[in-house]
Amino acid sequence: MSAPNKSYDPVEVEALKPEEIERLRDEALAAFEAAADLAALQEAKVAHTGDRSPLSLANREIGALPPQAKKEAGQRVGQARGAVNKALAERRAVLEAERDARVLTEEAVDVTLPYDRAPRGARHPLTTLSERLGDIFTSMGYAIAEGPEVEAEWLNFDALNMGPDHPARSTQDTFFLKDATGQPTDGVVLRTHTSGVQIRSMLAASEPPIYVICPGRVFRSDELDATHTPVFSQIELLAVDEGLTMADLKGTLDHMVVSLFGEGMKTRLRPNYFPFTEPSAEMDMVCFHCRGESVGNPDRPCRTCSSEGWIELGGCGMVNPRVLIACGIDPNKYSGFAFGFGIERLLMFRHNVEDMRDIVEGDVRFTLPFGMEI
Amino acid sequence: MRVPLSWLREYVDLPAGETGRDVADRLVRAGLEVETVEQLGGDLKGPLVVGKVLAIEELTGFKKPIRYCQVDVGDANGTGEPQNIVCGARNFAVGDKVVVVLPGAVLPGPFPISARQTYGHTSEGMICSARELGMGDEHDGIIVLPAEYVPGTDAVELLELVDEVLDIAVTADRGYCLSVRGVAREAAIAYGLPLSDPALLDVPPANAYGPLVKVEDQAGCDRFVARSVIGIEPTALSPLWMQRRIQKAGMRPISLAVDITNYVMLELGQPLHAYDRSRIDGAITVRRARAGEKLRTLDGVERTLDVEDLLICDNSGPIGLAGVMGGAGTEIATAVEDPETGRVDGTTEVVIEAAHFAPVAIARSVRRHKLPSEAAKRFERGVDPEAGKAAAQRAVDLLVLVAGGTAEAGVTDIAAPHPVHSITIAADHPDRVAGQEYGRETVVRRLQEVGCTVVGGDVLVVTPPSWRPDLTDPNDLAEEVIRLEGYAELPSTLPTPPAGTGLTESQRLRRRTGLALAGAGYVEVLNYPFIGEAVLDAFGLDADDPRRTTVQLANPISDEEPSLRTTLLPGLLAALRRNVGRGATDVALFEQGLAFRVDGTDPEALFNAPRLPVDRRPTDEEIAQLNAALPRQPRRVATVLAGNREPDGWWGKGRAATWADAVESARTVAAAAGVELTVRQDRHAPWHPGRCAALYVGDRLVGHAGELHPRTVKALHLPERTCAMELDVELLTADGGGHVEGPRISGFPVATQDVALVVDATVPAAEVEAALRSGAGPLLESLRLFDVYTGEQIGADKKSLAYALRFRAADRTLTAEEASAAREAAVAEAVSRTGATARG
């Protein structure tokens with residue numbers, strides 16, 4: 001800001017006359033009002049509030065006035081400049097809003113355009129369902145144990161009270177192996193269940209308690225069709241501790257089906273025979289779909305359980321003490337329970353999958369809808 | 001085991017209103033797996049009567065011969081006049097007794113019968129075949145009944161056409177339920193009713209003048225009962241009731257003597273064999289086979305015997321495979337009438353064998369000769385060793401009763417001493433197994449119900465009955481009590497395992513890997529681990545490539561794929577091809593799973609697992625031997641991709657999947673594992689020799705990635721430029737990994753410097769980068785290659801690599817001089833290591 005102009009008459013300054021200040025103010029207000037866009041407003045701003053604008057120049061004259069006149073002139077000019085700045089801000093706000101409205105309208109896009117640029121992946125529902133089951137049991141304190149898929153016969157059969165001549169052994173549709181020269185292997189098979197992992201868990205533990213689940217792939221020489229596959233997934237459970245009972249087995253099964261399907265679910269045991277458990281049972285669960293209400297109710301048939309009310313899940317029982325002995329565990333001190341079932345079947349009825357082949361063939365159209373979760 | 005309800009009721013007085021379903025429910029609760037309850041004749045409605053064929057007129061001029069018959073049906077038609085019936089069958093003659101269905105009746109189907117016009121005559125009903133009556137489907141002709149039946153007799157009752165049949169899947173431990181006697185025992189317990197045991201017969205004691213038998217192998221045969229019946233009428237037929245029961249039980253009536261042995265087996269569970277006595281030469285001998293011996297079995301097959309096979313022999317050699325199948329040489333002869341003399345030739349004297357064979361011997365012979373039989377099925381599961389005497393007696397009685405034979409007084413009964421086996425249990429053992437209090441009284445009562453002898457107080461000495469060889473251990477007894485008290489009554493309690501530690505690091509890594517790859521757009525597939533030679537050839541693997549040495553299946557599902565995978569890629573590429581074949585264009589797949597490798601194993605130990613005992617824990621050395629017998633089973637992860645990685649769209653062109661995406665998928669896996677991967681140029685089948693990256697952690701090769709060899713792509717009919725990655729997870733994480741030290745974050749400003757270096761085209765970018773990093777020193781915060789340029793400006797066989805380097809110090813603002821000095825040091829190192837020249 002330049003110094004006051006000493007050459008003017010300090011008492012009578014034309015530019016500081018009230019009418020003059022009012023005129024300058026009105027001119028400025030009119031100019032702002034007339035500005036059609038922000039650029040014009042900027043020009044008007046420079047013209048009416050800039051250093052070289054009449055009001056600014058007038059303001060510079062104030063210093064030369066005598067005290068009384070200085071005060072009056074100061075007030076006049078101050079009020080005028082205040083009104084000008086206020087009008088400027090108001091006009092700017094209006095013009096900016098207009099501009100924003102216009103520009104943002106111009107920038108509008110169709111947000112409904114599809115955007116599948118990043119490819120979408122998915123995990124297989126067998127994997128996620130197996131993990132879900134794993135989570136249920138790890139939260140109870142169980143560990144997840146795993147083992148080899150090519151397994152020693154002793155671990156797959158003999159230790160499970162299925163000696164070479166046991167009739168149950170020949171019903172397992174076992175895949176037998178040859179070495180690279182075509183010679184049959186001695187005592188090595190593709191595992192027919194994950195029970196070998198149970199044996200390995202017991203052999204590895206110096207002493208019970210043992211609480212493990214054993215998920216994994218197993219192999220039976222069935223042809224692939226809508227309900228069978230030679231390669232499938234199983235989950236088995238083993239608990240060995242002091243004083244375990246069939247009631248504990250039942251409670252554990254009940255907890256599992258409640259965790260998977262919600263409150264009100266329960267299981268039912270039916271006597272059966274397996275060499276590795278004694279007593280043995282077949283386990284059913286209440287149909288999660290109709291909750292048993294389709295039984296004797298032809299108006300509301302249930303496809304999931306064929307209106308039986310129950311769904312067969314798998315086999316279970318108290319670990320045969322002979323199995324404990326083969327693993328070096330004293331059956332007089334410890335008892336155990338175990339169960340196992342196929343995950344494919346669980347997946348099929350839980351998600352209404354009609355054909356086993358869809359699960360095994362790896363068609364992305366089957367797997368993608370499952371995404372990451374189950 | 002198929003059990004007709006009518007037969008079951010003979011031994012248990014079940015309540016009159018009980019249906020097959022009711023009985024099945026009770027048996028299921030007691031532990032028998034009743035698979036179906038078949039309703040026989042459920043929709044059958046008479047009149048269905050015995051008829052006598054009075055006249056037959058052969059009709060001609062039709063496509064097939066047709067008979068127009070007059071049949072006497074007694075008063076069944078209300079008039080007593082003969083019925084006129086058109087019939088297409090020809091296996092009957094005038095005078096024969098047949099089964100006639102009259103108009104108004106309904107045959108199984110349901111198939112309503114009415115008088116109808118056919119072949120120019122009115123047929124007032126039908127002459128029935130076994131199939132039409134739902135009796136079985138083995139014979140096409142109509143049924144010809146024995147002559148004694150009177151025309152007009154109700155045939156529904158006569159042929160026992162209405163019945164229910166329980167089809168029970170008998171588990172391996174319940175051999176005794178392979179008989180009506182055994183199932184009746186379970187039904188009696190389930191209903192709390194007494195059992196009329198059909199095995200309770202008057203049997204004369206053994207004496208010295210029965211059929212001559214020598215048991216040379218008492219381990220294989222601990223009981224041999226033999227009886228003989230002479231004077232059998234060779235033309236005698238099995239009575240209808242017996243034929244019907246055999247049919248309902250799922251077997252076929254054959255001839256009287258054979259039917260009787262089968263009938264008694266179904267009734268009592270004891271397999272019997274009937275020999276034509278005239279065809280036995282000398283004493284019946286039980287022994288093992290001698291090397292090279294042969295036997296023609298009843299099915300007409302000549303079998304070379306194994307020295308372990310248990311045989312029934314006479315002086316001529318083997319006459320039967322013990323407990324499995326008889327020999328053709330001593331078979332009961334079918335009656336043959338000499339047309340000239342009218343003399344009937346056939347078996348008139350039989351020897352009945354009721355023996356007890358060792359289950360293991362029988363099971364092995366069945367497996368060896370692939371010869372399952374009804375007899376062997378029972379011996380394998382355990383036959384009541386005490387049932388033989390009664391069964392032989394029952395067969396003798398029937399031969400006398402229905403075949404007009406005469407029982408000889410001789411009774412042969414050779415028995416090896418049988419130690420009594422008792423089990424000692426605490427009276428509360430079943431309670432402790434179940435987790436429920438039954439009390440001593442209940443325990444004792446239930447055990448007695450199944451046939452055990454029980455003595456003792458708090459400690460019980462239990463002797464199982466002879467028909468329950470499966471009851472050997474305390475828990476077997478516990479199961480009997482618990483199942484009869486009801487599994488449904490068990491309480492539900494939860495045990496309290498010790499606090500757990502969750503997933504292992506390897507399990508967590510597998511989840512992270514799956515999530516990371518799925519997040520990167522890969523879809524998980526779980527392929528069968530079966531591969532064939534063809535895919536390894538398509539991969540172009542060298543003859544000595546370890547991936548060619550496979551573990552083979554002795555009984556593969558497909559002969560094309562007899563081996564276990566040594567790499568995950570064959571399965572993934574097949575899945576890729578399947579998806580493309582079904583119309584997919586852009587496919588990215590991944591799999592995590594085991595491969596099976598022989599390399600790196602001890603050839604002496606491999607596939608040579610010891611047969612360890614089960615009465616003790618194996619030693620650690622023995623466990624190690626078992627493990628050494630297994631191939632290596634490394635856990636691997638692999639990806640394959642084809643088509644576009646990013647699709648075309650309104651945003652512009654898509655981006656094709658390339659070798660770089662395959663390498664990136666490896667980095668995704670490595671990042672999930674918290675491991676830093678370095679990449680080197682490599683040549684490795686099945687990858688493109690110029691587009692194959694070897695993946696390293698430090699100096700350890702963990703896998704490969706890149707574009708597949710065009711020959712492999714062509715041979716496997718894959719989309720062009722298919723890319724793949726595979727790595728070994730255990731090698732990837734061999735040093736651990738996943739642990740991150742928290743970085744110190746500097747708040748001081750960054751100094752950015754760019755560097756462009758010209759190197760020979762053959763110099764890998766990774767080497768240049770490594771040199772820059774090493775030369776730049778600790779001030780280097782990050783380094784990024786942002787451009788690769790080749791062209792005339794820099795000369796042939798050269799490439800220019802442009803890097804952005806960011807420098808920052810932890811404790812001060814870097815001066816321009818410091819940043820420049822670090823940059824110069826980086827460049828100097830690159831120049832010295834890679835022969836680079838700084839550009840521009």
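The backbone N, Cα and C atoms fix where each Cβ goes, and this holds for glycine too.
Any TrEMBL annotation is an automated prediction that lacks curation.
According to TrEMBL, the feature domain 'TRNA-binding' maps to B:42-156.
According to TrEMBL, the domain 'B5' annotation covers B:418-492. Mean predicted confidence for the domain 'B5' (B:418-492): the pLDDT average there is 95.
According to TrEMBL, the Mg(2+) binding site annotation covers B:ASP470, B:ASP476, B:GLU479, B:GLU480. In the three-state DSSP classification, B:ASP476 (Mg(2+) binding site) falls within a helix. Neighbour list (B:ASP476 (Mg(2+) binding site), Cβ cut-off 8 Å, at least 6 residues apart, same chain): B:ILE423, B:ASP470.
Here TrEMBL flags B:746-839 as domain 'FDX-ACB'.
DSSP gives B:ASP470 (Mg(2+) binding site) a coil state; it is part of no helix or strand. Broken down by DSSP into helix, strand and coil, the domain 'TRNA-binding' (B:42-156) contains 2 helix, 47 strand, 66 coil. Secondary structure of the domain 'FDX-ACB' (B:746-839) per DSSP (helix as H, G, I; strand as E, B; remaining residues coil): 37 helix, 32 strand, 25 coil.
For B:GLU479 (Mg(2+) binding site), the same-chain residues lying six or more positions away in sequence with a CB closer than 8 A to its CB are B:VAL433.
For the binding-site residues given as B:ASP470, B:GLU480, the lowest number of other CB atoms within 10 Å of the residue's CB is seen at B:ASP470. Each residue in the domain 'B5' (B:418-492) gets a DSSP state, and the totals come to 31 helix, 13 strand, 31 coil.
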